[in-house]
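Colleague: What Swiss-Prot records for D134, D163, L164 is S-adenosyl-L-methionine binding site, and it gives similarity to another entry as the kind of evidence. The region 'Disordered' feature in Swiss-Prot is assigned to 290-392. The compositional bias 'Polar residues' annotation in Swiss-Prot covers 301-313. Residues annotated as compositional bias 'Gly residues' in Swiss-Prot: 341-351.
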Amino acid sequence: MSTARSDDDSWEITESVGATALGVASARAAETRSENPLIKDPFAQVFLDAAGDGVWNWHSAPQLPPELIEAEPTIPLQQQAMVGYMASRTAFFDSFFLEATGAGIRQAVILAAGLDARSWRLPWPAGTTVYELDQPRVLEFKESTLAEHGAQPACNRVAVPVDLRHDWPEALRQAGFDASAPSVWSAEGLMPYLPAAAQDLLFDRIQGLTVAGSRVAVEALGPKFLDPQARAKRRERMDRIQALMARIDPDRAVPRTDELWYFEEREDVGEWFGRHGWDVRVTPSDELMAGYGRGRRRPRSATSCRGTCSSPRSGGRPEGLAFRQGESRARRHRRDVAGQHGFGNQCGGPDCGSAQHRRAQVDHPAQQRGFSDDAPDAAPAERGEPGERGGQVVRLVDARGQHRGVLEPLATALTQVRAHRMSRVADHHDGPARPGPGGGAVVKVVAQHLVAGRRCQHPRNRFGPIGESCLQIGQFAARRELPFRSALGGEPIQAIRTHRHMAGFDAGTKCLAGQLGVHRRSPHRAMRCSRRTGRRAGR
């Protein structure tokens, strides 16, 4: 049982469970301000400023009290690990929702939404409705704070103020939710705050509200959540921190998060969904963090849980739910080597390690077709991995939706380039460029040919906003190399001339775009540039 909870307790944003949402916002704000952020949440700091000073600001504070660090030297490392974990968790759920809506789902349900601002910051497809469920005062704080700053949701957002321990399915239906249509669900940072019986009831209700094609992602509890020794060690450490803070800063109380949790025996989340016919993939949190470049570490004993990832069951019982399938060193090496030699759709089967063999979802049991690694309709342009600089991949898709190559992140690219025309020079025009739904800077690609002995410029496709990157991929130089550097400090990209034909880009460590400037029916042959030899490769 929880020592600080009751069956019908409620809270303001600065107290009890509500204050934990501010702690998560603090971690997201710290990650957003980092040198190579995995996520971008500009609203996190807005919530912190509105809530005022409190212990929840520790993650985003420039420095902690020296007395605290002297007494607990491991706090900075633990703080850094927490920020990395929250960033990885947020990135996973972001990708999970975008991939589900990219597959055609237009109903999203965020359970215990807290200060999650996905309704405002994600590029939702047109016609998507996002239902946010949480305590009334928490949702009211979020809405009023963002409204004061002029923020507008990027979807049809529907707030459902309700306690998840009560009859929330009826409130969800009354808000307009259609249980006969596929939907995508998330339960992020929720499980330890629910009694075991309430957790089972929550899953039963999700089961009754979902149909074929639906997906669910859950952050599940780790194996040491109920371990008596781990609990005692955590309690002793919190006692020391509380006593120290009472001396150096009496006005800033340190909350006992463990007193808000329900330490009760409960069924493993992965086994529950597997027993009810769902296809489940399990990955521990350390593999999730390693996959996002946030370091490999042991699973945390409490909230570092495991989450959900997709794939049909291949036999055997699932060990739990997980966020994202990790990637071995050998698999990552094969992918990187493939990326250095020509680019394109690098796929060597289910074990090749390419991004197209990972999706963030749990498939509904009624969806018999499910998801297969070699499914022909698996839309490779819908998947990808973050690159070594922490940005999301940028995909190039031709007019028929076919895969045209994957660009490792240019600076902090956060969106996808899709469905651009790849036809004759005459089809291109120099009309006005419009930012896409992400609101970032427009990237214009200009191709230059040598026609009848003279230069002739033709504007290429205008790629809608790539995150907040202001990178300009400039002209192809006729007789020299021109380096271009991202406004956010990305690697210089060189436009290399090969005889009279277009060539690829070389960033020194990665072949970024072997086919970026290719005309499918151009009078000039399309060229690619080999990173090692620089020799041309005609098509």
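Backbone N, Cα and C atoms are what each Cβ position is placed from, and that goes for glycine too.
What's the neighbourhood like for each of these?
Modeller: All protein chains included, D163 (S-adenosyl-L-methionine binding site) registers 16 other Cβ atoms within 10 Å of its own Cβ.
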Colleague: Which are the residues of the chain, D134, D163, L164 excluded, whose CB is within 8 A of where the CB atoms of the S-adenosyl-L-methionine site average out, their centroid?
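Modeller: So the additional residues around the site are L111, A112, L133, Q135, V162, R165, H166, W168.
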Colleague: At 10 angstroms around each C-beta, which of the binding-site residues D134, L164 has the fewest other C-beta atoms nearby?
Modeller: L164
Colleague: Quick one: largest C-alpha distance among D134, D163, L164, binding S-adenosyl-L-methionine per the record, in angstrom?
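Modeller: Farthest Cα pair among residues binding S-adenosyl-L-methionine: 7 Å.
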